[in-house]
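Features reported for this protein in TrEMBL:
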BINDING   Ile26, Gln27, Gly28, Arg41, Thr86, Pro212  substrate binding site
BINDING   Cys45, Cys49, Cys52  [4Fe-4S] cluster binding site
BINDING   Trp51, Cys52, Asp53, Gly88, Ser129, Pro130, Lys131  S-adenosyl-L-methionine binding site
DOMAIN    32-212  domain 'Radical SAM core'
Amino acid sequence: MQEQIKIKEVEISSETLPVMESFYTIQGEGAYQGQAAYFIRLGGCDVGCHWCDVKESWDASVHPRKTVQSLLNEVEEVEGNIVVITGGEPLMHDLDVLTSAIQERGKRTHIETSGTHKITGSWDWICFSPKKFKRPLDEIYSKADELKIIIYNKSDFEWAKMHAERVNSACKLYLQPEWSKADEMIPAIINFVKSNPDWNISLQVHKFMQIP
Ligand SMILES: C[S@@+](CC[C@H](N)C(=O)[O-])C[C@H]1O[C@@H](n2cnc3c(N)ncnc32)[C@H](O)[C@@H]1O
Ligand SMILES: Nc1nc2[nH]cc(C(=O)O)c2c(=O)[nH]1
Ligand code: SF4
Ligand SMILES: [Mg+2]
């Protein structure tokens, strides 16, 4: 046991991840919208969405590596008990050590993912946002707590339904307008949700509030 704890401490202090930014804010999207959360944005993504709102995250090599210990110190400084790991595509990294350590400190681990890489980490909430640009892996469908489809054009509604058929029955369903198309797509999203009341609308409220 003593030996095991030692190994863990070594892993926590020596394991590093490329971090583009980390910040304490309000979760602007999905089921936890409106709640305080600490965000850790990891560098690296190989999906390539042309409308991605954080393209600066894609190249992992330009983002300095931080130790898990230093990330834990940041997380422990804030009152909020939700930690959101995002990116980039966070599942390009092994997240076992980071997420177990966050949970051991009594905080919740949430992830924002495209589901295109093997799931590592221990998660209290998985937000799965599939993309047409890279096929998700099968394992994410049974594990997702929240399915969040970005609506860029009208063809995305049928695509959304197709994914909803594959997730587990408890998974919450969200449609989120692509930011630059929001004015154009919101009327169609409203009509869709009126006809398909299992679905909810997610609006990136942090952008309206002009916060990170
Ligand atoms: C930047 S991504 C990072 C996490 C992961 N790579 C993913 O795509 O799920 C975080 C969330 O923002 C959404 N998103 C990215 N660009 C967007 C945009 N222009 N408009 C609306 N949502 C966007 C993604 O679909 C995802 O749900
Ligand atoms: N406030 C805020 N909420 C968010 N929810 C998901 C985000 C993300 O980029 O993953 C995000 C973000 O960047 N900011
Ligand atoms: S998967 Fe996520 S981070 Fe990667 S390009 Fe798409 S929206 Fe951006
Ligand atoms: Mg964002």
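Cβ coordinates come from backbone N, Cα and C, glycine included.
Overlay of TrEMBL annotations on the structure.
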residue: Ile26; record: substrate binding site; DSSP (3 states): strand
residue: Cys45; record: [4Fe-4S] cluster binding site; DSSP (3 states): coil
residue: Trp51; record: S-adenosyl-L-methionine binding site; DSSP (3 states): coil
residue: Thr86; record: substrate binding site; DSSP (3 states): strand
residue: Ser129; record: S-adenosyl-L-methionine binding site; DSSP (3 states): coil
residue: Pro212; record: substrate binding site; DSSP (3 states): coil
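The average pLDDT computed for the domain 'Radical SAM core' (32-212) is 98. Considering only the binding-site residues Ile26, Trp51, Pro212, Cys45 ([4Fe-4S] cluster binding site) has Trp51 as its nearest partner by CA-CA distance. Using a 10 Å Cα-Cα cut-off around Arg41 (substrate binding site), the binding-site residues Gly88, Ser129, Pro130, Lys131 reduce to Gly88.
Of all the binding-site residues listed here (Gln27, Thr86, Pro212), Thr86 has the Cα closest to the Cα of Cys49 ([4Fe-4S] cluster binding site). With respect to ligand 1, the binding-site residues Ile26, Cys52, Pro212 contribute Cys52 as residues with a C-beta closer than 6 angstroms to one of its atoms, given in sequence order. Neighbour counts of Cβ atoms within 10 Å were compared for the binding-site residues Ile26, Cys45, and the top value is held by Cys45. Each residue in Phe23, Thr25, Glu29, Ala37, Phe39, Val84, His206 lies on the same chain as Ile26, Gln27, Gly28, Arg41, Thr86, Pro212 and has a C-beta within 8 Å of the C-beta centroid of that substrate site, without being one of the site residues.
In this structure, the binding-site residues that sit close to ligand 3, with a C-beta under 6 angstroms from any of its atoms, are Gly88, chosen from Ile26, Gly88, Pro212.
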